[in-house]
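According to Swiss-Prot, the protein carries these features:
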- 49-315: domain 'PPM-type phosphatase' (DOMAIN)
- Asp93, Asp238: Mn(2+) 2 binding site (BINDING)
- Asp93, Gly94: Mn(2+) 1 binding site (BINDING)
Amino acid sequence: MITHLKNWPRLLNRFVLQLKNARHSIHQFTHLAGRLQRPPKSGKSSRDPYLVTAVQGRSKKPRYPGERANQRFGEDSWFVSSTPLAEVMGVADGVGGWRDVGVDAGRFAKELMTCCSGQTQRSGFDGRSARNLLIAGFQELTHREQPVVGSSTACLATMHRRDCILYTANLGDSGFLVVRNGRVLHRSVEQTHDFNTPYQLTVPPADRQDCYYCDKPEMAVSTRHSLLPGDLVLLATDGLFDNMPESMLLKILNGLKERGERDLLQGASQVVEKARELSLNATFQSPFAIKARQHNVPYSGGGKPDDITLILASVEVPRA
């Protein structure tokens, strides 16, 4: 994500010395990692549907130490959580403009996902409102004794097992797809203030409580969709959607012969690898290049190098 921050002069002065002393590597480094999420073996009805989930991602720049363990791909973050009542997953994309003032742009996204994941383990959480989960997670983050300064988009999805209904909340330009029988059944809609300036949750510095883009979690678009066994649910940051057309994404997903854990991981890996390849292609007419032209924004064309995070899940039912 490339978003310009405005009206932060005091913050800029505070961190300018850090920026002068920082050493930046100019070579490009990408990292691929995957994770399989198995259904819980206890705490739920043996007849309830569940999600088999794979996570893949690439960071476009050198990783921070311990990034993989911290569930980060560059400035993106994610989480997957299972409870007796629901399956939950989320992605967040830290606003890159904070790098210009010496702030780790990915930390805010990581801490937001950590708070949302923690909220799923609280009593009373039933997975029927992804937006309420986002609200609760953001409130927890903003009430920390030591503020985590930054901004990020967020996309959360919860599947209530008994109802087999997917509840989503999307704020910004990350998003989700529901695929059934080879076709996109539902797709999220971007929320943007302007071209390449998505809605974003923000915690400003203590001395700058007025902020330029301080959107509220209540502004997230909330949807619900009935799911069937075999449906695919995909969550991703804009590093995927800005570089890969929907038709190309479907071609890869429709090539999955099975929906087992390793099959999903292989499919997710293929999607991420292809998106990364397209992001580095200077002549490919990417979705990002097309949007730039539609907004009369000068852009030479090609993909948009960015962090990519993808969660791919399949709806399954226990075998008798």
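Quick reminder: no glycine exception, Cβ is built from N, Cα and C everywhere.
These figures come from a predicted structure and were not determined experimentally.
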## Note on the structure
Around the Cβ of Asp93 (Mn(2+) 2 binding site), other Cβ atoms found within 10 Å total 34
### Rounded inter-Cα distance in Å - Asp238 (Mn(2+) 2 binding site), Gly94 (Mn(2+) 1 binding site)
11
### Task
Compute the average pLDDT of the predicted model within the domain 'PPM-type phosphatase' (49-315).
94
### Task
Determine the minimum-neighbour residue: among Gly94, Asp238, listed as binding-site residues, which Cβ has the fewest other Cβ atoms within 10 angstroms?
Asp238
